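K.L.:
The structure follows.
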Amino acid sequence: MGKENYELYSVELGTGPGGDMAAKMSKKKAGGGGGKKKEKLENMKKEMEMNDHQLSVSELEQKYQTSATKGLKASLAAELLLRDGPNALRPPRGTPEYVKFARQLAGGLQCLMWVAAAICLIAFAIQASEGDLTTDDNLYLALALIAVVVVTGCFGYYQEFKSTNIIASFKNLVPQQATVIRDGDKFQINADQLVVGDLVEMKGGDRVPADIRILSAQGCKVDNSSLTGESEPQTRSPECTHESPLETRNIAFFSTMCLEGTAQGLVVSTGDRTIIGRIASLASGVENEKTPIAIEIEHFVDIIAGLAILFGATFFVVAMCIGYTFLRAMVFFMAIVVAYVPEGLLATVTVCLSLTAKRLASKNCVVKNLEAVETLGSTSVICSDKTGTLTQNRMTVSHLWFDNHIHTADTTEDQSGQTFDQSSETWRALCRVLTLCNRAAFKSGQDAVPVPKRIVIGDASETALLKFSELTLGNAMGYRDRFPKVCEIPFNSTNKFQLSIHTLEDPRDPRHLLVMKGAPERVLERCSSILIKGQELPLDEQWREAFQTAYLSLGGLGERVLGFCQLYLNEKDYPPGYTFDVEAMNFPSSGLCFAGLVSMIDPPRATVPDAVLKCRTAGIRVIMVTGDHPITAKAIAASVGIISEGSETVEDIAARLRMPVDQVNKKDARACVINGMQLKDMDPSELVEALRTHPEMVFARTSPQQKLVIVESCQRLGAIVAVTGDGVNDSPALKKADIGVAMGIAGSDAAKNAADMILLDDNFASIVTGVEQGRLIFDNLKKSIAYTLTKNIPELTPYLIYITVSVPLPLGCITILFIELCTDIFPSVSLAYEKAESDIMHLRPRNPRRDRLVNEPLAAYSYFQIGAIQSFAGFADYFTAMAQEGWFPLLCVGLRPQWEDHHLQDLQDSYGQEWTFGQRLYQQYTCYTVFFISIEMCQIADVLIRKTRRLSAFQQGFFRNRILVIAIVFQVCIGCFLCYCPGMPNIFNFMPIRFQWWLVPMPFGLLIFVYDEIRKLGVRCCPGSWWDQELYY
């Protein structure tokens, strides 16, 4: 097979001259070469320089060999499908499963253990070839080491496999079916079978199945919020209205939603060649950043591996110098490595992260990458999208102006009730107008669904008005039926109003009712009177001024404002059955009566303000990054607390002081709103300076490329950046961030694929839960690692004493593996369940460069203080066991050569008793067991002191963490099983030991506990002192 050539292009959707959206392509990476690569580049450029929106219908037909009435020929469609491939976004090339598994088996510590296993196997093979089979220790040790690496590797791979496949359930981006016309026949096919030149039809409620050039449309509006971040519906029509394909109205984009109306058009781009496909390419061109916890563990593994090799090599040289054979010295080197490397550490870390991920999953946070759990805890900046993340992603009626008063509507997510007076006749008239002058309709069969959650066919504004009407009137659709519609003029950009005429519900009243809604200033200019408390009053200058004040007040809140008016048509001029002609306009469209204003906004989620406040308390900066209008963005930012009360922008200060903006000192403004045009003109250093100067930032009208720039600028300031979002336009920034958080319900597939974490309930507040859990797991991992490292010293010192003082070996390699992977792993993991010592959400985020997972105080305290005490306990028990069997300590010194002599069968102890080699081996295994039990008894004290780093263990409580209590009991039970289970001496070299040998290490365990309580007392009493700096880890 030849090497596959591939090229990757990123797309920048930026703002061009005059505020136009422009597309810019940059080549990111190329593989292969020669003429094919150049040709492919030229083809890509041609696709980027799309001019399909400017071509006439006949030119389109010629270009794509299709018909605007009959569509493609079926035979040609099959050829094009073969040439271009399916109409689907190609997923990024994944890592093969065998490579993922191999990585789990070949990390830094794993490589050391493979080498150690190989040395053991070689030693056993040489022993076997020489006929020396007195012990199979080397074979058992090799098999144990291999089993450790394979089992931990399988566990790690399983966790990664679960994480990477969790996204498989989210496949909502590409529509399942599309209506296509081929050879003049209309039928439905899978959307991925569409090709360029296909003639397709779509209606309200459908997703756009490809990039489509509109040929005909009736009231068609699309929702581009997942692409641009704008909540407002966008009209689609056959006319070319802009040079840029991104701004013109006659192109509908792949994966956007058709809200209402119908449209027919030709497919001009499919799959990866669509606009959304190019943004996905931009995301795939962004390299994943290493997570802080991954960097920490990598750093720690490097240190441990380096020290293990250093100690092993040192002892290897010493062993060679005192007369060991090369093979025995290598086995000794391997023993040092096994003793020094915490084999269970990676499994412990993985289990701790998995437990936290599971805990988060129960709170609707799904973690795709386990390491992202801790990263969220160290987050110092959250760059949040607005639409759908901070807001509900649905337009909602927020304010009404009638009877010369602004009334506030209920914008909560359940919209349980309205707070304004509904008894006014003006209110009834306004409600009638907004209900009748509305083309939106509920999908059938939703009577049992709460009104705010019902699916509506219609654009966002009309959907908001319909739901508002349903909540206030009751049955809005039934209300419409009582006022049959006679004629209608749909909203268009020229008139900027919508008008409809209805017959009245009272059969005795023969009049018609004309109702109109639209841009407030356009509606007002068609009115001559205004409805105040049910009475029509002349629309004089006083009322026009009142209207203007209300209009500016609502517009200043960043809300979309519509005006409403009505007119009863005289039955003499317009009798029942009169034929209204919308073309000739044979009815009045001026002299109307103004009923009021209604403003709408995509309101913030109820839980967001509290979540933002918690972030601020936790020292986390929340920055809004949206594609929406700056005024709307600023209003939402202020309502959720991103811009705090009393904070002003430069523009606000200038307005307050009545001075030019350029004369205001920017450092006086706490808040800042930057739009895409301004951002484009800023160089990186200016952006960094703006982020440093203004604590409260809002970015509006941003492109995907600009979101990337913002994330990179925050990272340049040393921040750990989390990015939240749900749209396709968020995916590049989600991938670039230290942690990307996507929305599970409203989120696009591209966003979910790029993210590290998915919020199943789309609730920004869930991020705060994630931050708290992330901080807690870092604290608990620190405690777990401190506990794990402590026993390395009592495991290492027996070999140090063995080779320097020449005593019989106190501890065997297999025994060490049982400590690492059997008895100690359960208490180590149980620390993941430990509750926080204090309110960790009142602390600043940790600095990844300064607050390391394993720092000098932790290593020094674990190794040289607690570890040293455990070593003394082990040797006290070892020498006690030897003395009680007749081997006094002084006799043990220098005894090693005779002790290990296979041929010496009459070695005398301190009482003159003679010991055969088999008896000595039995005693040596007894010493292994004694030293093992000593370490385990001291580790019980160690795990109790690790419950807290600053508070007293009595303050934290001994029994609050029930898992830890169970783990300690389990640890003791395993120790008893290994000591007293029949057959253990022959398999794993564990021997039954006397009861008093269990008691020898207990005073040392008590010393560890008391010593640590004194340390914690000093840390609490002397904050900032030498004691605190050196002994608080």
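Just so you know, glycine gets a Cβ as well, placed from its N, Cα and C.
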K.L.:
Per Swiss-Prot, is ALA125 on the side of the membrane where TYR1033 is?
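P.N.:
Going by Swiss-Prot, ALA125 and TYR1033 are on opposing faces of the membrane.
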K.L.:
Look through SER216, SER784, SER838 and state which residue has the annotation phosphoserine in Swiss-Prot.
P.N.:
SER838
K.L.:
Looking at Swiss-Prot, VAL338, ALA339, VAL341, GLU343, GLU820 are annotated for K(+). Which of GLU795, GLU834, GLU837 sits in that same site?
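P.N.:
For K(+), Swiss-Prot names VAL338, ALA339, VAL341, GLU343, GLU820; of GLU795, GLU834, GLU837, the listed one is GLU795.
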K.L.:
Suppose you had to name the range Swiss-Prot annotates as transmembrane segment; which of 853-875, 876-898 would you pick?
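P.N.:
Transmembrane segment, as annotated by Swiss-Prot, spans 853-875.
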K.L.:
Over the span of the topological domain 'Lumenal' (876-927), how high is the average pLDDT in this prediction?
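P.N.:
A mean pLDDT of 95 is what the model gives the topological domain 'Lumenal' (876-927).
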K.L.:
Could you round the CA separation between ASP730 (Mg(2+) binding site) and SER461 (phosphoserine) to a whole angstrom and send it over?
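P.N.:
Just about 24 Å between their Cα atoms.
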K.L.:
Determine the minimum-neighbour residue: among THR387, SER461, SER838, SER952, listed as recorded positions, which Cβ has the fewest other Cβ atoms within 10 angstroms?
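P.N.:
Each of the recorded positions THR387, SER461, SER838, SER952 was scored by Cβ atoms within 10 Å; lowest is SER838.
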K.L.:
Report the nearest neighbour of VAL338 (K(+) binding site) in space among the recorded positions SER461, SER599, ASP726, comparing Cα positions.
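P.N.:
For VAL338 (K(+) binding site), the spatially nearest of the recorded positions is ASP726.
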K.L.:
What is the number of other Cβ atoms found within 10 Å of the Cβ of VAL338 (K(+) binding site)?
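P.N.:
Around VAL338 (K(+) binding site), other Cβ atoms within 10 Å: 29.
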K.L.:
Please count the residues of the topological domain 'Lumenal' (876-927) that DSSP assigns to helix (H, G, I), strand (E, B) and coil.
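P.N.:
Counting residues by DSSP class gives 28 helix, 4 strand, 20 coil.
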K.L.:
Taking just the CA atoms, what is the gap between GLU820 (K(+) binding site) and SER952 (phosphoserine) in Å?
P.N.:
27
K.L.:
Rounded to the nearest Å, what's the C-alpha distance separating GLU795 (K(+) binding site) and ASP726 (Mg(2+) binding site)? Just drop the number here, would you?
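P.N.:
If we compare the Cα positions of GLU795 (K(+) binding site) and ASP726 (Mg(2+) binding site), the gap is 51 Å.
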K.L.:
Out of GLU795, GLU820, which of the binding-site residues has the smallest number of neighbouring Cβ atoms within 10 Å?
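P.N.:
Looking at the binding-site residues GLU795, GLU820, the Cβ with the fewest others within 10 Å is that of GLU820.
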K.L.:
Pick the one among the binding-site residues GLU343, ASP726 whose Cβ has the fewest other Cβ atoms within 10 Å in this structure.
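P.N.:
Output over binding-site residues GLU343, ASP726: least Cβ neighbours within 10 Å is GLU343.
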